[in-house]
Each structure stands twice: as C-alpha cells, then as structure tokens.
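Participant: Okay, here's the structure, questions in a sec.
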Amino acid sequence: MAMKMTNYIIIILALWLGMPAAAGAAGSLQSKIDKAPKGAVIEIEQGVYEETIKISKPIVLEGKGNVLLRSCGSEPTVSLNGKGVTLRNIHVEYCGDEGESSGIYVSGSNHILEGLSIKTKRFGVRLDNAAEVIIRDTWINGSKKGNGIDLWQSKQNSIENVVVSNVSDGLYLERSNGNTLRENHIQNSRYGIHLMFSDDNLLYENVSSNNSTGSMVMEATGTVIKNNKFSYNNKNVNAQGLLLYKAFDTDVRGNEFISNRVGIFIEEAEENKVESNKIMDNFIGVQFKKANGNSAAENNFIGNVNDAQAIESSDNRMDGNFWDASSKVDANGNGISEIAFTADPYFLTLTADVPEYQLFFQSPGLILLQNMLKSPTDKLLIDSAPLMDMTMKAEKEKSSSITLWIMSSVMVLTSLSLFILGRKRR
Amino acid sequence: MWNIWRSELRMTVRQRSYYSFLVLWVVVLSLLFLLQSSAPSLTGYTNMTGTIVNVALYIIPLFMLIIGSFSIANEMESGQWRLLSTYPLSTISYIAGKIGGQFTAQAIVFTFSYGISLAIGLISGNGFSGEWLLSIYFFSISLIFFFLILGITVGCFVSTRWQALSISVIIWFFLIMIWPTALIGVLGNVPYTWIAPLMKIAIFSNPAEFLRVSLVVSLDGGAVFGQSYDSLVTSLKAPSAIYVYILYGIGYLTITVLCSVLLLERRKRR
C-alpha cells in the first residue's frame, strides 16, 4: 500500500516538474466550455491555463498530457454546479489567500472527479450541498491552512484512493450523511478524517498516519470504521489514533492502531462497539473518559505501555480481549483465562487534577505508589474473560542479525581488551 | 591523577566482587533480552521497553551508589587515604582518578555483559532493533556515570563503609522509589501555578528522572508527558539537544566533584 502511494506521488511529481513552463493556450477555456453542448467531451491541450472556470452543465473535461489550471484570486480555480460534470486528468493549483476558497468547489450532484492533482494554499476540494459526487485517484497537497476535502451538508458522496498531505483536516465532513470514504491516505495534517454532526458515514481501509489525530468522530451516529490503519499519530500532546467524542453507535472493527499516543480515546460517547482491532505499541491503548455503555471485544492489545485506562466511566463491557501483559491461566481449556484483567485508573485520576504529573508516566516510583494505593474495585476497568491467544498476527521489525552480531562482538572485544589492559601491571 | 585512575581500575578489575557484577549483569540482561522474544513488537517505547528501563532504574543506581561510596570509604577505613594525604597529590586529581577508574571499570563490565547477553539473545533466535538496543545501552551507561559520581561524593563525607551503605540506600530510595510520592506530597502544598516550574526544576535535580525523560523523548514518546512539557520535549528532541546533555553532564560533574573536594579538604585539615 505504501509502495503504491509512493509510486503515485513520484509520478505526480514527475508530471509537475516535466511540465512546460509557459505553454499558454489560445482562447480561454471558459469560452470553450460555454460553447460546448450538453454531454460534450472537451479535451484540453497540454499547457498552463491561468484562469478560473465555472461549469454548470453535464460535460466531460479531460486533460491531454500535462494540463495545469492555476488561479490566485479569491474565486476557486474550478467551480462545478448542476449535475453530471466529469473532470479527469487535470492539475489544479489554487495559490490565492482567500480564507474559504479552494482548488475545486463542488455543488450539485453526480459529478465525477478523477485522476486530479491539486495543490492549494487553502482548501483542496469543497463540497457544498453536493450529493453522489465521486472523487477518486486524486492527490491533494496543501499548506496547512484549509482542509483537503471539505464536505458541508453533502450526502451519499464517495471518496476513494485520495492521497492528502499537509492540510488542516484531511477529509472533513460536517452535517454530511451517508458518505463513503475508502482507501484514502492522509498524513502530516491536523486530523486525518474529521466527522462533525454527520451520520451513517462509512470509513473503509483508509490509512491515517503522522497526524495530530488519526480520525475524530464528533457528535455523529452510526459511523462504521472498518479495516483502517491509524499509526504514528503521536507527535502532539493531544494526539490519538481515533477519538470518539460524543459519538453514538459507532462500529469500530478490524482496524490497526499502531504507535499512537493513545490508540482509541472514547470521551462522553455511548453505545459504541470496538471489536477485533489490533491495538499495538501505543502509550495508552484505550482510554475512556466519562464514557458509558460502550463495548470492546476480541481486540488484541500488544506492546502498549499502558493497555487501558478509564475515569468516570462505568458500564463499559470489556470482556474477551487479548492483553499481552496480563497473567493468564486457562484451567478448562476453552481459550479464556480464568484470571480477570484489570486496569487501574490511578495515573489518570492523578493527572486529571494536575496535568503536570503526567511526567511520572511509567516512573518506577509511581508504579510503586500505584501498587500501594490500589483504586477501589468499582473504579477499575475489568475484562473478566481475557483471551489466551492473539486472534491476529503481529509482525516484528528488526535489524538484520549481522549488524547485531557485529554490535555484540564490538562490545565484547572492546571491553575485553580494555579489561586486559586494566589488569596489566604497568 | 592518571596513576590513581590506573590503580583504581586495576584494583577494581582484580576484585572478586567485580566478577560477581559480571554474572549479575549477564543474568539480568539475558533474562530481559529473552523476555523480548515473547514481546510481539520491538520498535519504539513499548511495555517491554518500559519494563527494561524500570529494572535498570531499580538496580543500576543502587549498585553504583554503593560501589562509588565504598571505593572511597574503603580507603578511609583502611587508612590508605591518610597515607595518600601525605603524598604531594591534590584532592581534585585523587577524586578525578577515582571517578575515572571506577567508571572505566564499571563501563567495561557492563559493556561486556551487554555484548554477551545480546549474543545469548541472538543465539536463542530473538530479533532486536539496533537503534533500540543502543538507546537502552546509552541510557544504562549514563545511569552508571551519574550515580557513580554521586556515590563518590557520598563516600567523601562518611567515615565507615556501614555509613556509606546506609546513606547510599537512603539516596537511592529517595531518588528512585519515592521520588514521585515525595514530589506529589510537597507540590500539594504550593500554589497551583508553581507546580509546572517546580516539576521542571525537579527533572534536572534528579539524574534518574532526567535520563528517563530523555530516553522516552529519544524513543519518540515525548508527547505522553502532556502539554506542560511540550516546549521542553521539543527542545530535547532538537539536534542541538546534545549540548543540553553535555552541559548537564558537565554541570552535574562540577557540582559533585566540588562537593567531594571540599569535604575531603575539610577532612585533611582535621
């Protein structure tokens, strides 16, 4: 997947660099569009077009070779209205400073945007009251001042295989229901995928890494988050793989949460299901805060410094997960350990009042203190039926053993020779 | 100074207890490395890294304090120091030689054990990440350095080995075991706004905490300490942070050596 993405970026970059600098074209593009009948296919010749265009009838606009549309004004570079417009194989650059402006502005329905590459100083693509729009195989690079793809009151759209980097929020949905986001890559941005007041959206197989937060779901109902990968969202002090804030009835299934500060943060959210996820190498695997009535089962907690923590949360069902750090005994051979797993919220309670004490995270003295001052049972997070074995495989990244053997022998030989030198009498 | 250095090194490596340290480190490190085989992941700061770091924080400072303080207290008790005082030898070169000799000896035995344990781990079919191994290694060596010189300072104001042992254990218990408890207790009585700056001062006043924080930062986990330490973590992560470490080491060394020299000078005059 990473390979595919890298290739894609390389190709796009090659196209950008290889483009003739001043290949101005005769006649404005807008006039060609205005003259074209409905259903026409307009092929754009290779070159740089410094203009903004507006399309409001069903036509196909297709770049032949390297086509760059560029504008730096307050208007979006390309605006789509009406129904059934197709944009294909075009580079769009928005270099203006207008706060809400974008590379491509879309309203109306049934448009198709594919094979585009968008460079923007503000937003990449904005969907405003749009429906059933398809955006796919597209590359968006921003300057952290606007969202990659921004949906406002837009329904049933589909966003597939879009690579977004250096923007504010990769994919941002507000009051937009029933959209499908599939196989997108978002990196080096604030939030990877950000859902606000948006219901019944589907997130499949997206990769969100090196962002402040992999994905944030806020006040949304019925979101399905399946087979995504949220990794290395750990640079920011508030970073996490997935944040469910006041989210309701979310289905989080089959995802990977790797090396985030917090894998999944569930705050004031209810009735969410977290199942069969791989939660690995995070500082905190799952954290609950004022969250009730959620359930987590069949997840694999591997290598997290702190597997789970909960404060002011009750009634969350945590049975049947795999915890690599817990003690396990299976007396009757049913694959379920007889020893319950418990997570003590002592550290969270301590740092909730005085955040400065977060410095004591995993400090040897604090572990001692925590063991002495055990929290009362009703405050613990308990998995009463932890699994004996992992339900999925975890792969190790390791250095080649030759390097390690060299390291080992250098250490032994250096110290040995110094030792012999030291022992010698003058 | 170099004579003291060499004789300290020679004396230490010829002691029987030196070889028991070899056995201790090999056993502990091998067990930790073998434990790694059950850990499904190796990169970055994981729960296994946390365990190893905590084991290192428990035992290295304790032994280094004891070794450091004994190396001086021993000579006090046996009268060798009185004899040395009659030589034209400055106190500072005596201390520097002691520190140098002991540190060389302890670094040798630790490095040797680390190499052997790594080989044992590799033979038993474990995989490691080189960067991770080096981080743990330098973390341990720095712990050895800081607590050895602290131990030497302790040795300079005690008169018997028994005193040296008890004071070493007290210092270890305070800096490692009850450090958070003590800080939380004290900081509970100060105005809220003082907590953040006092905590930052506290990091630098306890080498164990300073090293632990730097290790977490170097393994990309600085964000876990939260908002209040964001600027500190960023500055420790920058390439220029190497100067902070060097400066910290020099500062710490200066203060402890100065204390040791003053204490010994006072003794000489008595």
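For all residues, glycine too, the Cβ spot is worked out from N, Cα and C.
TrEMBL does not curate its annotations; it predicts them automatically.
Here's the feature list from TrEMBL:
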TRANSMEM  B:21-39  transmembrane segment
TRANSMEM  B:51-73  transmembrane segment
TRANSMEM  B:103-124  transmembrane segment
TRANSMEM  B:136-158  transmembrane segment
TRANSMEM  B:170-190  transmembrane segment
TRANSMEM  B:242-264  transmembrane segment
Participant: Under a Cβ pair cut-off of under 8 Å, which of the recorded stretches B:51-73, B:103-124, B:136-158 contacts the transmembrane segment (B:21-39) most often?
Facilitator: B:103-124
Participant: How about the transmembrane segment (B:170-190) with the transmembrane segment (B:51-73) - do they touch, taking at least 3 C-beta pairs under 8 Å (6 or more apart in sequence) as contact?
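Facilitator: Yes, the stretches contact each other.
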Participant: What stretch of B:103-124, B:136-158, B:242-264 shows the most Cβ pairs under 8 Å to the transmembrane segment (B:51-73)?
Facilitator: B:136-158
Participant: Cβ under 8 Å to the transmembrane segment (B:136-158), counting only same-chain residues 6 or more beyond its ends: which ones?
Facilitator: 49, 52-53, 56-57, 60-61, 64-73, 76, 95, 98-99, 102-103, 106-107, 110-111, 114, 164, 167-168, 171, 207-208, 211, 215, 249, 252-253, 256-257, 259-260, 263-264, 267
